Amino acid sequence: DYLHVVDIHMFKDPHEINKQQHHTDKFYNPKLIVRRGQPFQIQIDFNRPYKPETDQFWLEYLIGRYPQQNKGTYIPVIVGNVLKPGEWGAKITHKENNSIRLSIMSSSTCIIGKFRLYVAVWTPFGILRTRRNSATDTYILFNPWCQQDAVYLDDEKEREEYVLNDVGIVFHGDINNIKTRSWSYGQFEESILDACLFLMDKAELELSGRGNPIKICRVASAVINSRDDNGVIAGSWDNTYTYGVAPSAWTGSVDILLEYYSSKQPVRYGQCWVFAGVFNTFLRCLGIPARLVTTYSSAHDNNANLQLDFFLDDEGKVDTKLTKDSVWNYHCWNEAWMTRPDLPVGFGGWQVVDGTPQETSDGMYRCGPASVQAIKHGHVCFQFDAPFVYAEVNGDIIYLRREKNGTQVIENIDTTHVGQLIVTKEVGGDGMMKITEDYKFQEGSEEERLALETAVMYGVKKQTTQETTYQPQKDVDMDFQVQNAVLGSDFKVTITFRNRSHNYYTATTFLSGNIVFYTGVTKNEFKKHSFSAKLEPSSSSAFDVVIKASEYLSDLLDQASFHFFVTARINETGKILAMQKATALVIPGLRIKTQGEMVAGKQMSVTVEFTNPLTQTLENVTLRLEGPGVLRTMKKEFRQIPANSTLIWEVKCTPRQPGLRKLIASLNCDALRHVYGELNVQIQKP
């Protein structure tokens with residue numbers, strides 16, 4: 001009459017106690033999902049009432065192929081009288097007939113992943129274990145609600161945003177024309193949790209390191225991109241996306257992760273916001289608080305000397321052969337929230353992690369985690385990759401000209417252009433939150449200079465500029481403004497001079513308009529214009545240059561980005577004024593509408609509309625529509641959309657969950673990319 005197990009109840013449905021208390025009820029996954037360092041309940045049915053005096057049983061949690069107790073991959077859990085916070089243990093909370101109810105506590109440093117559960121009973125014939133049963137498998141995730149967890153976050157509103165929100169906003173465009181688009185993270189959608197755990201296998205992170213958010217972020221920043229490890233997304237920045245999806249067409253992470261999980265081959269193609277969007281899904285899915293961050297005018301400094309060198313030729317035009325550094329109109333990366341026990345006190349909190357392949361770190365394309373606080377104070381000696389991130393947000397732009405005898409003359413230094421705005425989505429809303437001050441002190445303040453000197457002391461290379469070669473023109477200021485324009489229309493660039501001296505000057509002025517990738521790399525020059533400006537003493541004068549649609553339309557790229565250089569030589573003094581600005585055209589959007597009542601479990605109808613603004617027919621147009629909890633991603637191809645005509649696409653779907661949801665759509669074709677639309681919908685309870 002020895003004891004044996006008849007059944008185990010996991011209380012694993014979304015409405016039951018475990019998923020409710022552990023904030024895992026949104027996962028579209030039938031198994032038990034709990035967060036570490038917090039108790040959960042199971043019930044064991046035996047063949048007869050359990051007698052604590054004589055019967056002895058324990059639980060075993062196993063993960064991986066060769067479970068070992070010292071590696072934390074084999075965990076025997078003894079049933080005792082008390083649960084110690086943050087340590088493995090179990091206690092009986094309820095006995096009834098042949099059943100007992102157990103409360104189980106997992107360790108707050110436990111490995112993240114999918115564990116197998118066995119119940120072991122001691123009998124006179126030896127130890128009897130339950131048979132392998134995948135229905136009792138238990139996922140254990142990070143727990144931002146648990147004070148002992150390395151990812152603990154103390155603000156409930158922030159936890160709802162940075163862990164539980166499955167849609168977000170990507171800020172793009174440029175500093176003078178900030179654009180937004182929604183991104184569906186979809187961390188709770190079917191199979192996404194398994195796909196995210198698979199990424200750690202792919203990165204070959206040893207199981208014993210999978211309880212450590214620092215290690216997980218470091219290996220994930222390498223595996224998100226396909227360089228050197230066949231990771232999730234292949235990047236492409238050259239406007240040709242053959243045999244793949246254009247980066248601008250994706251509306252969220254789910255399709256990308258599921259395709260990678262099934263094919264095990266890099267998904268084509270991504271650019272920075274795609275890498276960051278997928279990385280954010282990975283982090284939030286595992287329970288690490290995360291947010292997507294955009295830096296406007298982000299420096300890509302090839303030799304990390306805190307200095308972006310732009311070489312000018314005799315005419316004052318930028319010499320593209322010599323200039324290797326570039327300024328990205330914007331660059332997206334992620335911040336993940338965690339303690340940093342590997343660094344001195346005070347450097348925990350938000351850490352920069354970047355999955356976009358820019359430069360190698362310890363031999364692989366990866367970046368981070370780097371403490372935001374350390375970057376702000378210039379303490380770039382602390383791991384990982386802080387000098388690179390410091391340069392991205394703090395570089396100076398130096399305009400250099402080579403004299404006939406080979407000496408370099410500094411014509412201009414711009415210390416404020418790079419990293420002038422850093423933003424993320426606000427908590428609980430779709431607005432923009434400025435976080436520039438988390439990364440740097442007020443421009444020109446005493447603290448800012450001190451942080452710079454600290455960074456230089458810790459080995460960030462900073463070339464000294466010999467004062468003798470650099471004497472800027474103090475008494476004439478130049479600026480220029482680019483008119484906001486809709487794709488397909490003419491616009492003007494206005495150049496203004498302010499002559500503060502009592503002298504008459506003439507300025508030979510040169511404007512160069514280039515079509516650029518958002519990474520600041522030029523594709524071609526579409527506009528050259530030079531004129532002579534007469535500058536009266538103590539007065540301002542403005543000059544307009546008109547840019548016609550016919551001059552730029554044929555060569556336009558993805559993001560409809562332009563980059564203007566204006567250089568002016570003051571003839572009387574020989575001094576040069578130089579300035580550059582990026583600008584982007586306004587791209588028309590998609591309109592999304594719904595019809596009929598919107599109730600969970602009932603069919604509803606969604607229409608997407610688009611009017612072609614161009615004077616040409618659009619060919620081979622792809623539309624995508626998705627909304628987490630409302631509909632799986634749907635795609636539709638259209639052969640042609642004639643000029644000025646309107647397309648209407650109707651879709652039927654059945655929303656799964658009640659609550660406020662977001663529908664996100666994108667349109668894509670060779671002539672027009674980055675066309676988006678979105679709609680908030682309130683799904684009622686049935």
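Backbone N, Cα and C atoms are what each Cβ position is placed from, and that goes for glycine too.
Unlike curated records, TrEMBL annotations are generated automatically.
Residues annotated as active site in TrEMBL: C272 (among others). Neighbours of C272 (active site), defined as other CB atoms within 10 A of its CB across all chains, total 27.
Among the features that TrEMBL reports, active site is placed at H331 (among others). Spatially close to H331 (active site) yet at least six residues away along the chain are C272, T294, T295, S298, H300, T356, E392, judged by Cβ distances under 8 angstroms.
TrEMBL lists D354 (among others) with the feature active site. Non-local neighbourhood of D354 (active site): S221, F275, A276, W333, N334, R366, C367, G368, V389, each in the same chain, at least six residues away, with C-beta under 8 Å from its C-beta.
Note on E448 (Ca(2+) binding site): other Cβ atoms within 10 Å of its Cβ, all shown chains, come to 17. Feature annotation from TrEMBL assigns Ca(2+) binding site to N394, D396, E443, E448.
If you look up TrEMBL, you'll see 264-357 marked as domain 'Transglutaminase-like'.
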Fewest neighbouring Cβ atoms within 10 Å among the binding-site residues D396, E443 goes to E443
Here the 10 Å Cβ neighbour count for N394 (Ca(2+) binding site) comes out at 22
Restricted to the domain 'Transglutaminase-like' (264-357), the mean pLDDT of the model is 90
Excluding N394, D396, E443, E448 themselves, the Ca(2+) site's Cβ centre has within 8 Å the residues T415, T416, V418, G419, K440, G444, L452
